Ligand SMILES: Nc1ncnc2c1ncn2[C@@H]1O[C@H](COP(=O)(O)OP(=O)(O)OP(=O)(O)O)[C@@H](O)[C@H]1O
Ligand SMILES: Nc1ncnc2c1ncn2[C@@H]1O[C@H](COP(=O)(O)OP(=O)(O)OP(=O)(O)O)[C@@H](O)[C@H]1O
Ligand SMILES: OC[C@H]1O[C@@H](O)[C@H](O)[C@@H](O)[C@H]1O
Ligand SMILES: [Mg+2]
Ligand SMILES: [Mg+2]
């Protein structure tokens, strides 16, 4: 097995006439943290949705840890070890915080009962408190339903969900967009912990400071295509640099044909 | 009539056992731009919802331009001249962009037909393009339904909606949370234009840079209460300062009793 | 005394005539409190209504049974409270306890009388060599409907009437409106036909309306039904409708209430009372005009 | 190829790939169903080479079997009128179960003001009121019926919008109440023998005329007017509609009033067509009206659906009914076949939609 | 007063102000309705001081009128069994219209394997099959009935989950198909005279025993097991459930299978109770089952509702029915009164909920 844990080849997605993602060739190595940046509507979340099996791609191929994968749905992706914080958060509004945190992989008792096995509410509540504390969010009553949570609280629940389970690849789509100053700092700490543990991460973010603080490499999307691949570990690139790729003032040498 | 355009007295909101907003006393003057900051779940959006009539307050009073107001619903607030970008955006998923932009105040023809007056689709589409251009967002096809829009596109639609109509008070709840670098800059320009035009604004934001760039004064919420009121025009306060109010390391002198 | 009555359905034409007749009759009896319930064609509901009556302590119960094969369950639900079946004959008629009785008609007569008369008329019209026509069924789950249709087939099975052929038979659910549409659908095939037999008058009237709307001459078609409702008789008077069968609402209604009263008083009653069906044609229709 | 005339740019947008309107699928399904009946007609041994839609008999001399074309739509016209209103209700994410019983109650009430005094020279045996209510101009029963419908709709709407009773419950309650009214109005007795004027409303192809003209009117309203737009907005996201300043409550009342008036009008037409009004009328009409809308592509979650879809949904049901009579399918099989065809039509619709995505 | 034991802090949280369970409101409404009947009974002149729930007749000698208590619940037990399944379906944001006709079809099918050969010494006049099918052990018809239910449920579920047919359409189609099967099975003839073993299933208070035990089982399942949690999650936000890795399709099929098996079992109990099976059985049961769930506080948008609520909803309908007989309300007024009471009960519930917010 090579070092490449995720690779896409000509990954493409059309929605009717909208070409949201075109010929994306993307690679990332073990332990690497990569940021995806780009304008609104540039195709970042579309890219995430194709990798995680939420949607079926129009064309192209995807490899995970060297194996070609064709996820029929998000369940497959999760089983293959991909943990994702979606931009839409994917929370069930009528359920409370622990229910959402453990949705799809509840802690249970009497497992021989199959689908009718019992929920271990107590254990889940406890684990929820711990998970939430890592994000620094304050939620007065975790037994309130998600629909009653503030924007930032919702986002923290989604992040805590991902951070609670070990994974082979973590993807976060704008995880701190709705977070306050403190909570953002905490979530960034979670990301640093992942880095230390050698767990790879894809971070979609519009926050230049955050990206420069956290990741090794920035991939820029523009109009549905990848237009730059910038290694930022050695300080070759500044924030303004990245902005000019985002806006189209510059294009990465190897991508010029594409655009 | 005094200079005070918005004033609240002991504004309070409980959700069951959760005391989301407690005794908020808030005032703002003509032409002033005020930021509201605070942790996730501090009660910022709750404050906004009480002022705009989206919810009925538990207790307290509100005055707008000197008149005590008791809005039965958001329609009343809008008719009184309050334009709001809600954190939840308030978009109708199955309708397209122009429909959403003009929801509730469509451009029409044959107005004598009352509720059955005809929609002027063409005029609305044109105005939509103009509105969107001001936010800098790129939307390949505005006749797609909102549910097919990216996070940032949705937010820009909501902002364009507010910016298209004149108002006596504009409120924006985290308007740039999902926006890219360029779009954020554009929206900040819209806010500066409002300032020049003398239109008052309440801006809820977690973005310290943005707040210091744009507003005259910061009001900090903590645990449902106002804990600081900081005039930042004359450079008395730094970002760290504000953070320490947010986290609770400091409390404004006049608010100490409250907490 | 208190009598509780439950009917298979309230919104049925002929049963309403029966039901309203019973209310009127009950009102003429001193000291009788009479209460009626709608089973809405739901057998279980009817059984429960009987139990509700028992729980309220009524003195007697009258049942227009939803499903004639459920006699055993209904009879058991009443316990010791006297019970009289009306209009429809329960299948346990031979095992009724002493506290129960029935006053009803025999559906074998109804369909047979009507179909046989049509058969004779067709012969008289010179169509004895072969006549084709349609059969409209009432609600398929209703036993009166099933029985009346079977009667028709039995008549056609007889040597005398086997010149008749049914082109198609379909349900119009007792309803005039559905019968109109069904008849129009049939006619749209362009196939010639000589008779229409319906399980009740409402459907026969619907068929007649559809045929007239299509410009047919009603003299060319024999139409037969059951009930002798007033609408039907007026249609007969206008020369559109040929044969129907009179079902005696007053006889059944008053008969059942009187039987119930006698059961309450502990008197002896005839446990089985059959009220006969009577053939109605333009010749004798005058006798029935104000009956149903 | 980049064409930004529909937006502010960004991605490549290929204008030629328009989204395929759902209604076209249903139309397609309709043709498939017709074709199946046509083929069956040729194949079944007892059918004597009849055709379903075409004229093969000497009696007629046109291309199509006009009688069949007419009955196909005639038999769904009345429920179709109800479905026009039900469509609007469902677009708001509501439901109206009361329409069937409302048809019955309105038929009874309207007919009592539309009776004629003399039938073939006999006194009207079913006269409900005295001579004062006999032989009134046709406008009277119609207005009475519509007013009754508006009244019921206003109650439905008020309960649902202002008192937040779930639509299912409010209209289920009204379902029972209207059935009760129909039974009580004349003690369950049918009311028959209308005036010629009243009969006219339901005579011949008039039900179809009403259905199609109302469909056109409401198509325009739903598509091109503020009323229509707000109806969709409420169903799509009621909270957003409210926050956008739509008077959601008042609007919902209007929608339910319109729906009930349409159902009431259907009751008037039905009474006129059958020349009688009976308490048992309109049974299951609410279900079939909803079915028409759903076959026409509406979503019960609200926000989506169209009048054209509903009209096509009605046509599907009409074709199926006539088709069954045409191939002489036995009653118990008809129900099974009808059920299967409804499912198959939607399956087909789904399939085409997915293949285009 | 700040108590953070339920969360990670932040705002003041007053633990004493728990949210008031919706079910308590319905219970309350139930008592109010009972009280109203009790008072009416004392006031109405023709009632001779009878009591609704208490024993005032010499015939009986207990505190309560036991016959009344029993019938109140007995008469809703069978539809109640259906409602337990319908509740689960609605929680997934689905709907099941096929349950009423499924009751009829299952009653017919099960009864054909539950007949007895000799009735009072005579050959069973309604025997459908030959002697091989007579006097079978009671387990046979029950298993056949449940298997049939499971089969229908699997079809419903597959269409809905895998082929994305809207639940309303899929189960409306199945509604027609099951009615058709019921009619076709014995050509419209009733099937009667069950064995004693079969009768036992529906005898006396057995329907209540089934209803309440199943209610307990499904209450536990919905509240404390993974199955229950996923059912709520799917109804709350199907896309989120899918993205969270729940196998939404498979789960939905399970839900529809369970619901149809419950309806099938209701059919078996109904046949046993009536000692006969008839094609017209179960008419409107689907509507009333849904009504029970909705009165019990379920939301047709999915994600909310409970088995306890549905049981209470059933009780409300049971009390109303018995109450009407008790106050001797004429059948033609019963529908109107029933409709009004249902609306009023929910109105009351809404009112209490709002006053607590
Ligand atoms: N289901 C869909 N149907 C049609 N167009 C879609 C659909 N989903 C996304 N799009 C379009 O595809 C483009 C890319 O969307 P995407 O969500 O990937 O953007 P993004 O880069 O994540 O933007 P943001 O920063 O705002 O989240 C947008 O123009 C969007 O309108
Ligand atoms: N309907 C509700 N029912 C119960 N609790 C609620 C409800 N709405 C809000 N809350 C609670 O009130 C508190 C304040 O919420 P609010 O939305 O005002 O926070 P916020 O300051 O806007 O946070 P953010 O920055 O995350 O948007 C939160 O703890 C939230 O959980
Ligand atoms: O069950 C309903 C049917 O009952 C019959 O007795 C009557 O003849 C029919 O017209 C119809 O009313
Ligand atoms: Mg995105
Ligand atoms: Mg907020």
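Backbone N, Cα and C atoms are what each Cβ position is placed from, and that goes for glycine too.
The model shown is predicted, which means the values in this text are computed figures rather than measured ones.
The feature transmembrane segment is assigned by TrEMBL to E:26-48 (among others). Counting residues 6+ beyond its ends, the transmembrane segment (E:26-48) has Cβ neighbours under 8 Å at 295-297, 309, 312-313, 315-316, 319-320, 323, 326-328, 341, 345, 348-349, 352 in the same chain.
What TrEMBL lists as transmembrane segment is E:69-91 (among others).
Outside the transmembrane segment (E:138-161), and at least 6 residues removed from its termini, the chain residues within Cβ reach (under 8 Å) are 94, 96, 98, 102, 105-106, 109-114, 167, 170-171, 173-174, 178, 195, 197-198, 200-201, 248-250, 252-265, 267-268. Residues annotated as transmembrane segment in TrEMBL: E:138-161 (among others).
TrEMBL lists E:168-186 (among others) with the feature transmembrane segment.
The feature transmembrane segment is assigned by TrEMBL to E:198-221 (among others). Panel annotation: around the transmembrane segment (E:198-221), residues 70, 73-74, 76-78, 80-81, 84, 87-88, 111, 114, 138, 141-142, 227-228, 262, 265, 268-275, 306-308, 310-311, 314 of the same chain, lying at least six beyond its termini, place a Cβ under 8 Å from a Cβ of the stretch.
According to TrEMBL, the feature transmembrane segment maps to E:253-272 (among others).
Residues 22-23, 25-26, 76, 78-80, 82-83, 85-87, 90-91, 93, 95-101, 103, 175, 266, 306, 308-314, 316-317, 342, 345-346, 349 of the same chain lie 6 or more positions beyond the ends of the transmembrane segment (E:284-300) yet place their CB under 8 Å from a CB of it. The transmembrane segment annotation in TrEMBL covers E:284-300 (among others).
According to TrEMBL, the transmembrane segment annotation covers E:307-327 (among others). For the transmembrane segment (E:307-327), same-chain residues at least 6 beyond its ends with a Cβ under 8 Å from one of its own Cβ atoms are 22-23, 26-27, 29-30, 33-34, 36-37, 40-41, 44, 47, 50, 52, 68, 71-73, 75-77, 79-80, 83-84, 86-87, 211-212, 215, 218-219, 222-223, 288, 291-298, 334, 337-338, 341-342, 345.
The transmembrane segment feature in TrEMBL is assigned to E:333-351 (among others).
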(request) For the transmembrane segment (E:168-186), could you work out the same-chain residues 6 or more beyond its ends whose Cβ comes under 8 Å from its Cβ atoms? (result) 95-98, 100-102, 104-105, 107-109, 112, 128, 152, 155-156, 159-160, 279, 281, 286
(request) Using a Cβ cut-off of under 8 Å, list the residues of the same chain at least 6 residues beyond the transmembrane segment (E:253-272) that approach it. (result) 77-79, 81-82, 84-86, 88-89, 92, 94, 96, 98-99, 102-108, 110-111, 114, 141-142, 145-146, 148-150, 152-154, 156-158, 160-162, 194, 198-203, 206-207, 210, 214, 227, 231, 281-282, 285
